[in-house]
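S.K.: Okay, these came from TrEMBL:
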DOMAIN    A:9-426  domain 'THIF-type NAD/FAD binding fold'
BINDING   A:20-25, A:D44, A:52-55, A:K68, A:91-92, A:113-118  ATP binding site
ACT_SITE  A:C169  active site, glycyl thioester intermediate
COMPBIAS  A:195-208  compositional bias 'Acidic residues'
REGION    A:195-228  region 'Disordered'
COMPBIAS  A:218-228  compositional bias 'Polar residues'
DOMAIN    A:321-361  domain 'Ubiquitin-activating enzyme SCCH'
REGION    A:539-599  region 'Disordered'
COMPBIAS  A:550-559  compositional bias 'Basic and acidic residues'
COMPBIAS  A:560-575  compositional bias 'Acidic residues'
COMPBIAS  A:588-599  compositional bias 'Acidic residues'
Amino acid sequence: MVVTQITKETIGNSKVLVVGAGGIGCEVLKNLALSGFKDIEIIDLDTIDVSNLNRQFLFRKEHVGKPKAVVARESILNYNPDIQIKAYHDSITSQDYGLNFFKKFNIVLNALDNRAARNHVNRMCLAADVPLIESGTSGYSGQVELIKKGVTQCYECQPKPPQRTFPGCTIRNTPSEPVHCIVWAKHLFNQLFGEEDPDQDVSPDTEDPEAKVEGQAHSATNAGNIQRTSTRRWVQDIKYNPSQLFNKFFKEDIEYLLKMENLWKTRKPPVPLSWEQAASHEGDSVEEENNVRMQDMKVWPLSKCAKVFASTIDVLKNEVSEDKFLVWDKDDKPAMDFVTACANIRAHIFSIATKSRFEIKSIAGNIIPAIATANAMIAGLVVLHAFRVLLQEFEKCPSIYLRQKSVHSKFILAADKQITAANPKCYVCSPKPFVNVFVNTNSMTVKEFETEVLKKGLNMIAPDVVLDGRGMVVISSEEGETEINNDKKLAEIGIVEGSILKCDDFLQNYELSVAVNQYEAKEKDDPLYKIVANPDDLKAKESVNGGEKNGNEEEKQAESDQDDLMVVEESDDPQEGSSKRRKLNPIEDNDDDLCIIDS
Amino acid sequence: MAEKQLSAVEAELYDRQIRLWGIESQEKLRAANVLLINIRALGSEIAKNILLSGINSLTILDDGTVTEEEQQKNFLLNKGSVGNPIADEVLIKAQALNPLVKIKVDKQPPSSKDSSYFKNFTIIVATCIKTDLLLKIDKVCRSSNVKLIYGDVFGTFGFSVADFLDHNYHEDQIKLAGKKRTHGEKDHEKTTIKVQGVINYPELKKVLILPNTKQSADSIKKSKRRNELFYIMLALMEFRNKNNRNPAIESKEGDLKTLETIKADIFQLYEVDELKTKLPADIFELVFGEEVVPVCSVVGGVIAQEVIKAVSEKEVPVNNIFLFDPITFDGKEEAIGA
């Protein structure tokens with residue numbers, strides 16, 4: 001490719017949308033501005049954080065707290081005031097950015113940090129028939145991919161690995177890894193100070209199928225569960241007394257767990273820990289040092305965990321009130337300290353490795369490491385591809401992967417030999433999108449189906465759903481039309497095995513036929529529902545014993561050993577876009593998990 | 001450098017990279033003094049990336065003046081910079097990238113510097129320089145234990161050449177011991193092992209062998225599966241050595257002939273059968289014109305990452321040559337002269 005006069009003219013006349021002004025976004029904007037692009041729009045809903053400044057070089061310390069899109073625009077204008085650049089401090093999934101918005105552009109460049117937004121832009125670009133260049137980095141690795149309707153595969157052609165989730169009883173009863181204790185500690189934070197969520201119970205789970213004794217419906221009484229329904233009331237009654245709280249969660253609840261004997265037949269039983277024992281734990285006379293390594297990098301001794309448990313509760317209890325609850329944030333010091341202390345105390349009780357505050361922050365905040373160099377490389381490739389796309393040279397834009405090291409192949413940047421064709425069974429970009437959904441129609445409500453399956457699982461924004469054959473509208477995006485159905489079970493309104501639902505998302509200009517399959521979760525690890533684009537995948541999946549979480553974990557590990565596996569980060573810094581605003585639990589719900597694509 | 005250990009401010013600023021390369025690497029970066037020779041389009045990218053990484057000091061050595069073309073592809077400059085010394089003009093924006101790094105500028109010609117000047121750095125990064133000066137600096141570097149990396153971008157083509165001496169490094173490998181538990185739960189015991197390695201970089205005079213030099217090219221010729229872009233790299237370096245400038249669109253016809261002649265000499269030296277090469281006949285079409293900015297972004301990213309690896313002694317560096325393919329956009333490493 002030569003940057004000829006034609007290329008320059010094409011560039012000068014093109015209108016480009018950059019979605020995301022983070023690590024890759026800043027680099028892309030700089031490359032565009034220096035390459036002669038004169039009409040740029042940039043959208044990002046995030047504000048600037050100190051931890052962005054090591055790579056998001058359009059921002060400086062004095063910009064912390066300001067909207068990324070707005071500051072990025074100012075920085076680019078400061079370099080070249082002649083560029084037309086429009087900034088939106090907003091979410092790209094908002095209804096304000098419909099088909100006509102996308103149709104304005106010659107090309108869209110994604111520099112996003114989460115899968116939901118990527119899926120959405122993918123659909124908008126398919127609907128508007130605008131070429132999209134998708135990119136991402138994770139640590140030293142990254143990738144660039146062109147998505148063009150009718151030419152290449154789309155972002156959703158290949159199923160992505162599911163999020164890593166943990167069964168409730170592993171968290172509540174039988175943790176075996178540090179991450180289980182960290183999830184539990186975050187749940188405890190929410191129980192004490194956050195919005196109460198029944199799915200985040202921290203007390204012993206008496207429904208654990210493992211704890212059942214044969215011939216007996218329940219091994220223990222339901223007392224544990226019932227008692228805990230009023231956790232918040234009880235906590236307020238004892239005025240957040242730290243020693244009482246400590247003894248409740250780390251001594252009495254553990255003693256209760258020990259009574260569920262079946263759990264400990266093959267496991268090492270936990271050891272209850274009282275406030276007095278913890279506070280005076282021996283071998284802990286480490287002097288407080290005021291440097292980073294000591295505070296953050298070293299594992300706190302048990303007595304310090306107990307001390308921090310008490311002191312953070314004293315701070316946090318004053319922030320919470322009858323009508324105000326706290327949202328856990330890794331960058332809020334007492335909140336992060338509280339989780340560090342609780343995770344380590346629980347780990348100690350269950351003989352699990354304890355971790356430093358620094359390490360726990362990575363896991364609890366789902367932090368993906370990010371560096372300027374990888375972003376610069378990927379952003380350079382994005383704009384090189386953009387040149388070719390604007391010249392309609394789509395075939396010359398196969399995906400390119402940045403590797404941490406080349407191992408035997410010599411490739412640091414490895415381009416595919418050719419573009420990848422669309423998956424004919426893709427439930428997004430095929431001519432007649434179709435997908436199989438496996439749900440329990442007798443227990444799932446219509447509202448759950450809308451929120452969990454259609455919105456979270458299939459990434460629709462505002463679906464309208466018609467039950468095929470009967471022509472009945474079961475879910476409407478218009479307010480006040482179908483709320484009456486919300487609490488009904490699917491089967492009650494006639495959605496059963498074999499039903500076909502015509503789901504239409506007006507914003508995404510996306511119509512999907514959903515075939516309903518009856519499915520009942522059997523194992524405790526089984527998901528609430530399954531989405532299967534290609535029925536053949538089902539058979540393959542079953543042979544992997546359904547342990548999707550473990551499978552995913554193994555893939556992640558394999559990546560460090562195999563040269564041909566590629567980790568593709570969804571993101572440069574996912575938690576910044578999600579945990580604060582959407583109050584997601586990053587570990588369990590965050591859609592920004594690593595996904596692995598075989599190059 | 002005031003303190004050896006990282007302050008809380010630095011820990012917060014560099015958090016996302018410390019999570020990747022560890023606090024020891026960050027402390028080594030914090031102690032590093034880097035010399036950057038020439039800060040043009042590629043140089044500005046390298047400067048940005050290594051300033052952001054948090055080194056101790058950056059010295060910018062460039063005796064050039066800002067031209068209009070230069071201003072258009074260097075984001076450290078602005079319209080008012082034209083006509084002024086580049087080294088002065090980049091300072092404000094370079095410093096804004098990271099106020100914690102000490103930046104010095106030097107407007108003297110690199111060729112005027114004597115050996116002792118180059119000894120003061122942890123690593124030297126050179127761009128846009130002639131081969132004889134590069135080899136001279138490499139000689140000083142080798143006698144003073146200073147690492148060196150050189151790179152250039154011509155049009156859409158870019159490359160780098162490194163001499164990291166006898167480079168010791170380590171990398172972390174995660175080992176898993178998964179023991180099956182009941183009910184399919186797996187208990188992963190992850191252990192991280194530090195794996196040590198060493199790469200012995202050959203001195204550059206044994207790597208960059210051009211026609212009409214005394215050095216024998218025998219050891220390089222032997223390789224069968226050579227990335228042929230290596231010869232294009234040498235041809236471009238030789239073009240600049242002879243003409244004191246890069247190939248230019250204004251003199252394209254003549255420059256193409258010169259390049260073809262140089263290429264023929266290089267093929268002869270390395271005993272390459274032109275008919276058997278896979279290089280496209282019009283490969284030199286891609287090297288004309290100014291440095292393509294996104295290519296500087298890619299190659300500048302690669303070079304800065306190698307600087308970080310060289311300084312931190314963490315992760316395997318690429319072998320001494322990196323070549324960015326202007327057609328496929330592959331980026332491949334090559335070990336030459338070792």
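Placement of Cβ uses the backbone N, Cα and C atoms for every residue, glycine included.
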S.K.: Less than 8 Å, Cβ to Cβ, versus chain B; work out which of the recorded positions A:G20, A:N54, A:S91, A:C169 satisfy that and list them by sequence.
M.R.: A:N54
S.K.: Rank the binding-site residues A:N54, A:S91, A:N114 by how many other Cβ atoms lie within 10 Å of each Cβ and give me the one with the fewest.
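M.R.: Counting other Cβ atoms within 10 Å of each of the binding-site residues A:N54, A:S91, A:N114, the minimum falls on A:S91.
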S.K.: Same chain, outside the domain 'Ubiquitin-activating enzyme SCCH' (A:321-361) by at least 6, Cβ under 8 Å from its Cβ: which residues?
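M.R.: For the domain 'Ubiquitin-activating enzyme SCCH' (A:321-361), the nonlocal Cβ contacts are 49, 175-178, 180-182, 184-186, 188-190, 193-196, 249-250, 254, 268, 270-273, 278, 295-300, 302, 304-306, 308-309, 312-313, 315, 367, 575, 579-580, 583.
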S.K.: In DSSP terms, helix, strand or coil for A:C169 (active site, glycyl thioester intermediate)?
M.R.: helix
S.K.: Counting other Cβ atoms within 10 Å of each residue's Cβ, which of the recorded positions A:A117, A:C169 comes out lowest?
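M.R.: Each of the recorded positions A:A117, A:C169 was scored by Cβ atoms within 10 Å; lowest is A:C169.
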S.K.: Rounded to a whole number, how many Å is the Cα of A:N54 (ATP binding site) away from the Cα of A:C169 (active site, glycyl thioester intermediate)?
M.R.: 40
S.K.: Which chain-mates of A:G20 (ATP binding site) that are at least 6 residues away have a CB under 8 A from its CB, listed by sequence?
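M.R.: Long-range Cβ contacts: A:I43, A:D44, A:N110, A:A111, A:L112, A:D113.
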S.K.: I'd like the number of other C-beta atoms within 10 A of the C-beta of A:G23 (ATP binding site), please.
M.R.: 29
S.K.: Around A:D44 (ATP binding site), how many other C-beta atoms are within 10 angstroms of its C-beta?
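M.R.: Excluding its own Cβ, A:D44 (ATP binding site) sees 28 Cβ atoms within 10 Å.
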S.K.: Taking just the CA atoms, what is the gap between A:C169 (active site, glycyl thioester intermediate) and A:N114 (ATP binding site) in Å?
M.R.: 28
S.K.: Quick one: DSSP breakdown of the compositional bias 'Acidic residues' (A:195-208) into helix, strand and coil?
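M.R.: Counting residues by DSSP class gives 3 helix, 0 strand, 11 coil.
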S.K.: May I have the DSSP-based helix, strand and coil counts for the residues of the domain 'Ubiquitin-activating enzyme SCCH' (A:321-361)?
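M.R.: Counting residues by DSSP class gives 22 helix, 2 strand, 17 coil.
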S.K.: Name the secondary structure element type, per DSSP in three states, that contains A:A117 (ATP binding site).
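M.R.: Once the DSSP labels are grouped into three classes, A:A117 (ATP binding site) ends up as helix.
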S.K.: In which DSSP state, out of helix, strand and coil, do we find A:G23 (ATP binding site)?
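M.R.: Assignment for A:G23 (ATP binding site) reads helix.
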S.K.: Mean pLDDT for the domain 'Ubiquitin-activating enzyme SCCH' (A:321-361), as a whole number?
M.R.: 94
